[in-house]
Amino acid sequence: MAVSWRSWLANEGVKHLCLFIWLSMNVLLFWKTFLLYNQGPEYHYLHQMLGLGLCLSRASASVLNLNCSLILLPMCRTLLAYLRGSQKVPSRRTRRLLDKSRTFHITCGVTICIFSGVHVAAHLVNALNFSVNYSEDFVELNAARYRDEDPRKLLFTTVPGLTGVCMVVVLFLMITASTYAIRVSNYDIFWYTHNLFFVFYMLLTLHVSGGLLKYQTNLDTHPPGCISLNRTSSQNISLPEYFSEHFHEPFPEGFSKPAEFTQHKFVKICMEEPRFQANFPQTWLWISGPLCLYCAERLYRYIRSNKPVTIISVMSHPSDVMEIRMVKENFKARPGQYITLHCPSVSALENHPFTLTMCPTETKATFGVHLKIVGDWTERFRDLLLPPSSQDSEILPFIQSRNYPKLYIDGPFGSPFEESLNYEVSLCVAGGIGVTPFASILNTLLDDWKPYKLRRLYFIWVCRDIQSFRWFADLLCMLHNKFWQENRPDYVNIQLYLSQTDGIQKIIGEKYHALNSRLFIGRPRWKLLFDEIAKYNRGKTVGVFCCGPNSLSKTLHKLSNQNNSYGTRFEYNKESFS
């Protein structure tokens, strides 16, 4: 089916507009800097010595400055959560743009990697040219101490060279540890290496303080390429033949021939030798604002998370899932948000994000998370909270909470699922443990659904193991019964899909009788499901929310952009596992 431009603009329009603006800024900055160092009269002599390497190194540096400043803004998660929840961002389309903060962070990171490669390659050429093209006439312009000096000395004995090598090493560690395989299998490595960005920014501020590249300051008394007759003062000579015979070098573009020569057959002689000065470091102007903002937020988050929570209970669920319920004074959160957990007994520095499956309300202060036991951190954390003999049992006695290790939380932080209650119709699709963001929304509806705009919720949950449905089977049954008792049976449409049939009889029973008729074997037929939703919600805007594997996300994303004959628009929102 053809793409609906109305749906495409709703889902992709603002994102692509922002991408175009960001890309234009990079291209404009690169090209403007390239022309400055290629044609600017103040860099005439430096360009003669270094050539194209000078232009590429400085142009790539300007792009690096821009992206090294922008990459920090998406990481100000407390600020983003505040903007999302405040009335200062009333537009839902603008709030949805905040969901792309992680994608923008990755885009800036990839750009930094690419242009760092260009920058390094250009400076390797510059180091060679500094050595080979050593200038006897303009000694202060040289970075090398003598002609044919080993270029490696410039790399390892100068401040820009040494800090540049260190930054390349740090960046390489951050890149390799950011791959999907390492993030999933060993999150510790990703966490520790990513915090090296503090070292990277310290090296960056030192990197620009070397002063190796210099520009000419006295253009008025020494135009680039002017004739010097070794006299103490300037004079005009009526010998145009002298100019054509002794001065073969053309004037650089952007700097015209002296009017005395072009109009009166006279040429201006140099009044003095050129003077050079190191470029003023500009990197700190780019990064100081975002870096200070980020550091201020980290300080605020440290103060906010400095008090440990009180663990109320710990439960072990099937398929290696653990639930923790806790309380903390003055803690508030909205459905769909997430927090980070920090347990010093497991790791002194690591913080791991988990979606809230239960939010505090006005009547109860308890909140909770569900953890899938994947990786060494969650395994060690489970072993601390649940003794081996109790890992397969139900809720632990409250009296044991005094033996729990100290646990600190940071947050809450915003996520796309906060918008699910702001649509009149929402479609929530979960794959496996991806159900956790929707659990807090279902709990909120169970508590009180009337204050929210939502009037119809389609909840689709796909699992391989039927035991996984037991994580929230009680919640789904209570929600179903609540709306039946309130004569609103069409408020929540629950569909559970099981991709494997082994042990299906284990969930069939009186306790979960309400779910039996909503349990299907196989995978959803997504196209038919979207057509059905569009048919029963003609002309409305349906919010589509997905948390699951990439294959599932791509399918729903594609269907959300397709046209339908009912005038229904699907707005796609996604959360990722990693």
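Backbone N, Cα and C define each Cβ position, glycine as well.
Within the model, the topological domain 'Cytoplasmic' (1-16) carries an average pLDDT of 76. Taken from Swiss-Prot, the feature topological domain 'Cytoplasmic' covers 1-16 (among others), and the record attributes it to sequence analysis.
Per Swiss-Prot, topological domain 'Extracellular' is recorded for 38-62 (among others), and the stated evidence type is sequence analysis. For the topological domain 'Extracellular' (38-62), residue counts in helix, strand and coil come to 23 helix, 0 strand, 2 coil, using DSSP.
Per Swiss-Prot, the feature domain 'Ferric oxidoreductase' maps to 58-303.
Per Swiss-Prot, topological domain 'Cytoplasmic' is recorded for 84-103 (among others).
Listed as Cβ neighbours of the topological domain 'Extracellular' (125-154) (distance under 8 Å, sequence separation of 6 or more from its ends, same chain) are residues 45-46, 48-54, 57, 161, 212, 214, 274, 276. Marked as topological domain 'Extracellular' by Swiss-Prot: 125-154 (among others).
Same-chain residues lying 6 or more positions outside the topological domain 'Cytoplasmic' (176-188) and placing a CB less than 8 Å from one of its CB atoms are 109, 194, 347, 350, 352, 374-377, 578. Sequence annotations record features per position, and here Swiss-Prot assigns topological domain 'Cytoplasmic' to 176-188 (among others) based on sequence analysis.
Positions annotated as topological domain 'Extracellular' by Swiss-Prot, on the basis of sequence analysis: 210-424 (among others).
According to Swiss-Prot, the feature region 'E-loop' maps to 218-273, an assignment based on experimental evidence.
Summarising the annotation, Swiss-Prot assigns region 'Mediates interaction with TLR4' to 248-575 and lists experimental evidence as the type of evidence.
Taken from Swiss-Prot, the feature domain 'FAD-binding FR-type' covers 304-419, and the record attributes it to sequence analysis.
Annotation source Swiss-Prot lists topological domain 'Cytoplasmic' at 446-578 (among others).
Counting residues 6+ beyond its ends, the topological domain 'Cytoplasmic' (1-16) has Cβ neighbours under 8 Å at 93-94, 96-97, 100, 541, 557, 560-564, 569-572 in the same chain. Here the topological domain 'Extracellular' (38-62) has long-range neighbours at 29-32, 115-116, 118-119, 121-123, 125-126, 129-130, 133, 135, 138, 141-142, 213-217, 219, 223-225, 252-255, 274, 276, meaning same-chain residues at least 6 beyond its ends whose C-beta is under 8 angstroms from one of its own.
For the topological domain 'Cytoplasmic' (446-578), DSSP puts the residue distribution at 50 helix, 33 strand, 50 coil.
With DSSP classes pooled into helix, strand and coil, the tally for the topological domain 'Extracellular' (125-154) is 15 helix, 0 strand, 15 coil.
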